[in-house]
Amino acid sequence: MASKSEKAVKKAQKLSKEPSVELTDTKSSDNVTPKQKSPNSTEEDVSLNLKTLKAKKFKLAFVLITVLSFITRFWNLNLPGEVVFDEVHFGKFASYYLQGKYFFDLHPPFAKLLLALVAKLAGYDGHYLFDNIGDNYKDNGVPYVTIRAWPALLSSLVPPVVFLIMKESGYDLLACIVSSSLVLFDNAHVTEGRLILLDATLLFSMVCAIYCYVRFFKLRHTPFSRPWWAWLFFTGFFLSCTISTKYVGFFTFLSIGLSVCLELWYLWDIKTGLTVERFFQHFLARFFCLIFFPFLFFLFWFYMHFNILTISGPGDSFMSLEFQETLSDNPITANSTILNYYDIVTIKHMGTNAFLHSHPEKYPIPYDDGRISSGGQQVTGYQFDDENNYWMILPADHYDPPIEAKLNVPVKNMDYIKLHHVGTNTDLMTHDVASPYHPTNEEFTTVSVDESAGKKHEYTLFQVVMSDNTDPQRPLYTKASSFKLIHKLTHVAMWSDPKPLPDWAFKQLEINGAKNIQTGSIFWTFDDIIGLKDSRLKKEKKIPKKLPFWKKYLELQLTMFRQNNMLTEFHPYSSNPSDWFTLHHGIAFWAKSEENKQIYLLGNPIGWWIIAGTVLSTTVVAAAEILLRQRGIRTLPETVRNHFYRSTMFFYMTYVFHYLPFFIMGRQLFLHHYLPAHLAGSLLVGAFIQLACRKSFRSPVSAGVPIPKDVDEKGHSKCHRKYGHVIELICTLLLIFVVIYCFTFFAPMTYGDKSLSVDEWTRRKWLDSWVFQYQKQN
């Protein structure tokens, strides 16, 4: 018969195999403090030894994951020694930062500023603009290995942080290893993480935000303590870093924000015993740390962006003329000339770059759709130089003598003017007749000089309203002044539709009067003065103007979102979100066909398909649990259920928030947009495997039947407790083996460092939709 001490040892060993599932009660194995024990407490000795052994296993696994992560990311970092895919863009942006030249990009500046800083510290001066994929770095004197080392460093830290997230969330060692390995040995993460790109910064910031939030959540029973404040603050800081890198970081805000809202809803419950005052202290703490301060950090990077990029550059054309006036050496402001009445000018629409144009041809009566036009002279938009683009600016009282008093008078903001078409000797007008394409917009045409001076006088008056409408007496300049032309009588604004008119208008653009005079697409510029010969030809050096930060920031934000929505054209490597789930498409990053080398962005197929299966399985389990619980059927023990919804479903919702929004986006999308969702899916896989292997489910058919003898009070099957760890171990080893094999199998296209034969490339083409680039043998 076993002694009491032997029974105690066996009991402790069994207890040690049970993972802690309650997020709040799970403590880091680094901080285990043994209880004070009596001299003969054998059970406590065994428990302490087991905890120490467990802590050592976690540390050993963490170190191994970290070392392997650095090896996979830094392996042959110097290869290829050529520009790869979007290094064309982000390397160029780093050069522009170092040159101080203004550029435009769709992404916030944080990660790009970091790349520029690393390049600066490496001694790079920004002389090379990363012009083409395949350009040799050494030939152009670029310290590319040092610059690549920064994203490689951040990418190397992602798998270890994933490991820590799982550990702090209460999962066992095997679950931690599974989740971190799916990121560690993912080919797409490695490819994106070792090049001059932004995704390494995005993913590192994302996992750090999740890790900090988990640490903060575990301290919810000790609110307002120093550690509580610290983890809350760092959660907000890393959330700010995610959205300051790419706007998809907003999805991380949503993921953590949902959890925070649910937590606040729980605290609002009167059963918690919190006073209203105490609740609002909780609310304000989260508001300032998770919204207010992150927004300040976000603004700071734009402030740095504007203060560094002070010289005119390739991004000027995306911004308003008012913005461009703040940049030194801007050709538009440098070559601008003050406008006087009776100048002959060309007038350009800022949206379509079409010149205001007219010719003797008339509008057809009727149009093809049966609507009736005025039959007047056509006024169109023409995107090329032509003498029919010439218009003379006349004062509103031009036909009232004497004219001499009106010569050499500047045209000013808010003035009423007439526009005289030089080629046909007619004046511009609009009236209450529908335009060719827009029944609600007014037709633009011209009238004779006699009519303009007589009964049509009011119809030919237009007010010049500058985009910067603060000074009503501000003079207008060519190129540098943007304005809208508002009709005095009907209050419509002249606008150019980008859709070409039919053959009767020679495929030129429609000019019409838009009733919405607040839209940003109705602005024009006086592009040039024809035949200028007076003293205005002498250009004086202009000092850049000042513009408030908020005005520059808001304009840039609107431009970024507008340009982002315009990215709808077909791209040979774009893909749909539904393709990412099964890894249906990849992206050709770089190729050297003569050597049969290439870099092809492709995830680890086995890892991606495991994540896809886990997402579907979790969806089924969660739906079944909710539906059955409504019928009074408990499928999960209460402790397991709490952990499932607090932790596993948090990872699930993080995946959902980083994946589903792409289905409603109309812009071009690429495989790398899925990487944040893949990372969240990796966390979910580890959690789900532990749940499936270590926790029992009570069968619905046994509801109402007495609990069997082999099931304890928590719903754990004795058989399940005995063999669950073994099952999980087998599943983990099998999964990791397959994932590592798959990673090494596709490694040549991850690193681009190995020439493969045609047969070897063909064997790697598991799906016909994967388009590899290599020379086929004759």
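Here the Cβ of each residue, glycine as well, is placed from N, Cα and C on the backbone.
The feature region 'Disordered' is assigned by Swiss-Prot to 1-44.
Sequence annotations record features per position, and here Swiss-Prot assigns compositional bias 'Basic and acidic residues' to 1-28.
Marked as compositional bias 'Polar residues' by Swiss-Prot: 29-41.
The feature N-linked glycosylation site is assigned by Swiss-Prot to ASN40 (among others), with sequence analysis given as support.
With a cut-off of 8 Å between Cβ atoms, the residues of this chain six or more beyond the transmembrane segment (60-80) that come close are 144-145, 148-149, 152-153, 155-160, 163-164, 167, 173, 176-177, 180-181, 184-185, 190, 193-194, 590, 592, 597, 599, 751-753. The transmembrane segment annotation in Swiss-Prot covers 60-80 (among others).
Sequence-remote contacts of a segment are chain residues at least 6 beyond its ends whose Cβ falls under 8 Å from one of its Cβ atoms, and for the transmembrane segment (103-123) they are 89-97, 143, 146-147, 149-151, 196, 198, 201-202, 241, 243-247, 298, 301-302, 304-305, 308-309, 313-315, 318-319, 559-560, 563-564, 567. Per Swiss-Prot, the feature transmembrane segment maps to 103-123 (among others); the stated evidence is sequence analysis.
For 145-165 (among others), the entry in Swiss-Prot reads transmembrane segment.
Annotation comment: Swiss-Prot describes 196-216 (among others) as transmembrane segment, evidence class sequence analysis.
The transmembrane segment feature in Swiss-Prot is assigned to 223-243 (among others). With a threshold of 8 Å between CB atoms, the same-chain residues lying at least 6 positions outside the transmembrane segment (223-243) that come near it are 108, 110, 201-202, 205-206, 208-209, 212-213, 215-216, 249-250, 252-253, 256, 281-282, 285-286, 289-291, 293-295, 297-298.
Summarising the annotation, Swiss-Prot assigns transmembrane segment to 248-268 (among others) and lists sequence analysis as the type of evidence. Beyond the transmembrane segment (248-268), the same-chain residues lying 6 or more positions past its ends with a Cβ under 8 Å from any Cβ of the stretch are 202, 205-206, 209-210, 213, 217, 220, 235, 239, 241-242, 274, 279, 282-283, 286, 290, 650, 653-654, 657-658, 661, 673, 676, 680.
The annotation transmembrane segment is assigned in Swiss-Prot to 288-308 (among others) on the grounds of sequence analysis. If you look at the transmembrane segment (288-308), the same-chain residues 6 or more away from its ends with a CB under 8 A from one of its CBs are 97, 100, 108-110, 113, 229, 232-233, 235-237, 239-241, 243-244, 256-257, 260, 549, 552-553, 556.
Residues or ranges marked as N-linked glycosylation site in Swiss-Prot (evidence: sequence analysis): ASN335 (among others). Neighbour list (ASN335 (N-linked glycosylation site), Cβ cut-off 8 Å, at least 6 residues apart, same chain): THR478, LYS479, LYS539.
What Swiss-Prot lists as domain 'MIR 1' is 336-396.
Regional average pLDDT for the domain 'MIR 2' (408-467) in the model is 95. Among the features that Swiss-Prot reports, domain 'MIR 2' is placed at 408-467.
Among the features that Swiss-Prot reports, domain 'MIR 3' is placed at 474-529, with the record citing sequence analysis. Residue counts for the domain 'MIR 3' (474-529) by DSSP state, with H, G and I taken as helix and E and B as strand, are 3 helix, 28 strand, 25 coil.
Taken from Swiss-Prot, the feature transmembrane segment applies to 608-628 (among others). Long-range neighbours of the transmembrane segment (608-628) within the same chain, counting only residues 6 or more positions beyond its ends whose Cβ lies under 8 Å from a Cβ of the stretch, are 182, 186, 581-583, 634-636, 641, 644, 648-649, 652, 655, 678, 681-682, 684-685, 688, 700, 735, 739.
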Recorded stretch, among 145-165, 196-216, 726-746, maximising Cβ pairs under 8 Å relative to the transmembrane segment (669-689): 196-216
Residues in the domain 'MIR 2' (408-467) grouped by DSSP into helix, strand and remaining coil: 8 helix, 29 strand, 23 coil
Residue numbers, six or more beyond the limits of the transmembrane segment (145-165), whose CB comes under 8 Å of its CB atoms: 61-62, 65-66, 68-70, 72-74, 77-78, 91, 94, 114-115, 118-119, 122, 124, 176-177, 179-181, 183-184, 189-190, 192-197, 199-201, 203-204, 207-208, 210-211, 214, 679, 682-683
Positions on the same chain near the transmembrane segment (644-664), where near means CB under 8 A and six or more residues out: 23, 169-171, 210, 248, 251-252, 254-255, 258-259, 577-578, 580, 615, 618-619, 622, 625, 636, 673-674, 676-677, 680-681, 683-684, 687-688, 691
Long-range environment of the transmembrane segment (196-216) - Cβ separation under 8 angstroms, sequence gap at least 6: 23, 86-87, 90-91, 94, 107, 110-112, 114-115, 144, 147-148, 151-152, 154-155, 157-158, 161-162, 164-165, 168-169, 189, 227-228, 231-232, 234-235, 238-239, 241-242, 245-246, 248-249, 252, 255-256, 259, 654, 672, 675-676, 679, 683
DSSP-assigned states of the domain 'MIR 1' (336-396) in counts, ordered helix, strand, coil: 3 helix, 27 strand, 31 coil
